[in-house]
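Quick one: the structure is below, and I'll ask about it shortly.
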Amino acid sequence: MRFYVLKFAELLGNMDMFGLHQFVAAPIKNLFRFQRIKEIKWMNPPACSNEAYIPTSVEHMANVATHGIWVVPSVIGSLELIRRSMTWTQLVSAYVYGTSLILIFTVSTFFHSVHYCNNNRHLKETLHRCDRAMIYIFIAASYFPWLNVDHFPNDELLFTMRYAVWIMAILGILYQQIFHERYKMLETIFYLIIGIGPSYAIINAYHQYNITELKLGGLFYIFGIAFFKSDGRIPCAHAIWHLFVAVAAGFHYYAILNHVFPAVCLSDNFMTADVSSLPKLLKSHIEEL
């Protein structure tokens, strides 16, 4: 029956019956296109408590795309931070934060690509562990510039957080590696603690700077967690979580760019240096110490 209907629609489409095909053929074709869209499997059932969720093909592609498109912009943004670096502290902060920014999107994209295209279970599990570990590293590295810059207030709480945030990140990675895909809610609580704790200290110390971008980024991370925990309940939930991460990272990058690496602080050396010469500059700073 469907074959004859399509043939009829095609016949009407080839005949100019005073524009009749616009009212008959097009709606019929659109109806079948809509039917094919409805047949797409947008999500699988939720995973059991101690197992990883298995995405559909559509979710796999969405997971790859929503982080893959940010790899190149993160490289460009990191180079801009290095270019603006004026002091040794700024340069180290640019390298630490910039590297983590690139890796959070690169590792995620690589993991989701392998998860979709490769059947090697051991490789997928290893990359999954790396992907989750990068979340802790990225959170700690995102606060690194704020906790190490020279021209902001010398606050005792900030000094403590400088080390505490990395200790929490290491503990979070160890926990995640030992109890991989177990006690998932507790893992999410760890993300929140390491993510919110240092931000309170930073905002409290830098309140006179009114760092709105930092607050907005934190809100996007927090709201995005709802989708991070909704695989199998909301179609493409993990891809939506990726978008929240990208937007939040964008706000945080903008805050760091404007407040930690302001344009007025450009150094002649780093501003005029080629990217290829930056390792030599870094080496010279180390030798000066």
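Glycine is no exception: its Cβ is also placed from the backbone N, Cα and C atoms.
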Where TrEMBL shows HIS238, HIS242 binding Zn(2+), which of HIS112, HIS122 is named for the same site?
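Given HIS238, HIS242 bind Zn(2+) in TrEMBL, the matching entry from HIS112, HIS122 is HIS112.
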Let me spell it out: take the transmembrane segment (161-178), skip the flanking residues so only those 6+ beyond its ends count, and list any with a Cβ under 8 Å from a Cβ in it.
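Residues 129, 132-133, 136-137, 139-140, 143-144, 147-148, 187, 190-191, 193-194, 197-198, 201-202 contact the transmembrane segment (161-178) from elsewhere in the chain.
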Quick check: which same-chain residues outside HIS112, HIS238, HIS242 lie with their CB within 8 A of the centre of the Zn(2+) site CB atoms?
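The surrounding set, listed in chain order, is GLU59, ALA62, ASN63, VAL64, THR66, HIS67, SER108, ALA239, TRP241.
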Within 10 Å of each Cβ, count the other Cβ atoms, then let me know which of the binding-site residues HIS112, HIS238, HIS242 comes out lowest.
HIS238
Report, as numbers and ranges, every residue of the chain located at least six residues beyond the transmembrane segment (94-112) whose Cβ falls under 8 Å of a Cβ in that stretch; write 'none' if there are none.
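Residues 60, 63-64, 67-68, 70-71, 74-75, 77-79, 81-82, 84-85, 124, 127-128, 130-131, 134-135, 137-138, 140-142, 144-145, 242, 245-246, 249, 253, 256, 261, 282 contact the transmembrane segment (94-112) from elsewhere in the chain.
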